[in-house]
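These notes are about the structure you will find just below.
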Amino acid sequence: MVMKSGRYIGVMSGTSLDGVDVVLAAINDKVVAQQASYSHPFPYELKQKILAVCQGQQTTLSAIGRLDYELGSLFAEAVQGLLIKTGLTASDITAVGCHGQTVWHEPNSHTPFTMQLGDNNRIAALTGITVVGDFRRRDMAYGGQGAPLVPAFHFAVLGHLTERRIILNIGGIANITTLLPGSPVKGYDTGPGNMLMDSWVWRHQKKPYDKDAQWAREGVVNNKLLGQMLSDHYFSRPAPKSTGREYFNMSWLEAQLVNFPDIPPVDVQATLAELTAASVSQQIMLSGGCERLLVCGGGAHNPQIMSRLSALLPGTEVCPTDKYGLSGDDMEALAFAWLAFRTMSGAPGNLPSVTGASTETILGAIYPVINQ
């Protein structure tokens, strides 16, 4: 198999909706070398439209179609922003790997499906660059969860022959990849990451997130509320499993708070931070533990969560992936650049041991342009 080496751009917009992350990387079958990154702002009105769809409010086919168009335009703008920053042109890029914006993910129903919006045809037309997108549905077609897909990238770039490592990504949802020598790679969503904390601080302080956990650190964890939250059936389900904003959202949190009407909002924030740390730690211990926990995503900047992980996992070194040369803020965008490289090379991109698919498969669809 001849691998299609070159410069790739990865585009990621996660469940936190805090911006569009774009990275440039030189990729071949041996090396993924990040060369530049760029964060493109997410328009407030567009964010609110997406939240309305994600949280199960009524929508229409027309509204979904308009969102698909608007997100395609936004992702193209983000790619162009990176090109301007680097001085490169479309002809310098082999392909763009675009994850799209997940608005619904339902892998466990009788008719499992996942939906990511952001018209890849439009991205290709506006940028003049071949686009690889729609990565998740091929895995689901083979019986997989369609998620998480990033563990295959973690294994390729952070796997170790002898050291027990777990990669923790704390985005809107938190997920782990277990890289344990002699065992198949596993990866799954542990539960809420930043999503509930972000929504709660927005409701009460109109801030997009709790910077440096300043608010959470002023509060006191309510152990009864924490115990009730951790009794949710999702946390006890066996892997592989995946979840998202369609489940862990403000409606879920409000239902949890019905029996706790007098808890101060600041204590709820502290309890949500502890929920993330506790649910992650539980899953890590169930997997057999690790020597090193490498953390990426926005939550790696949350000192409260990082310190609680260290306390809950004695004997484990907790450190950011940046220590190993991989930007934690750009990890997922890098992964989709790498997945685009795999697809363009005709190579599989999923790990059945992670997603539960019946076979390895080439992921996504290619949207080529003429004379690139």
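FYI, residue positions are counted from 1 along the chain as it appears here.
Backbone N, Cα and C atoms are what each Cβ position is placed from, and that goes for glycine too.
These come from Swiss-Prot:
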type    : residues                                               : note
BINDING : Gly14, Thr15, Ser16, Leu17, Asp18, Gly19, Val20, Asp21 : ATP binding site
Most Cβ neighbours within 10 Å, among the binding-site residues Gly14, Gly19, goes to Gly14
Using an 8 Å cut-off from the Cβ centroid of Gly14, Thr15, Ser16, Leu17, Asp18, Gly19, Val20, Asp21, can you name the remaining same-chain residues around the ATP site, in sequence order? Met12, Ser13, Phe42, Gly171, Gly172
Just counting, how many other CB atoms are there within 10 A of the CB of Ser16 (ATP binding site)? 22
Mind giving me a neighbour count for Thr15 (ATP binding site)? Other Cβ atoms within 10 Å of its Cβ, every protein chain shown. 24
A 10 Å Cβ contact count, applied to the binding-site residues Leu17, Val20: which residue has the minimum? Leu17
Write out the long-range same-chain contacts of Asp21 (ATP binding site), meaning residues 6 or more apart in sequence whose Cβ is under 8 Å from its Cβ. Gly10, Val11, Met12, Ser13, Gly14, Ser37, Ser39, Asp329, Asp330, Glu332, Ala333
Same chain, |i - j| six or more, Cβ under 8 Å of Asp18 (ATP binding site); the result in sequence order is Phe42, Asp198, Pro208, Tyr209, Gly298
For Asp21 (ATP binding site), the three-state class that DSSP assigns: strand
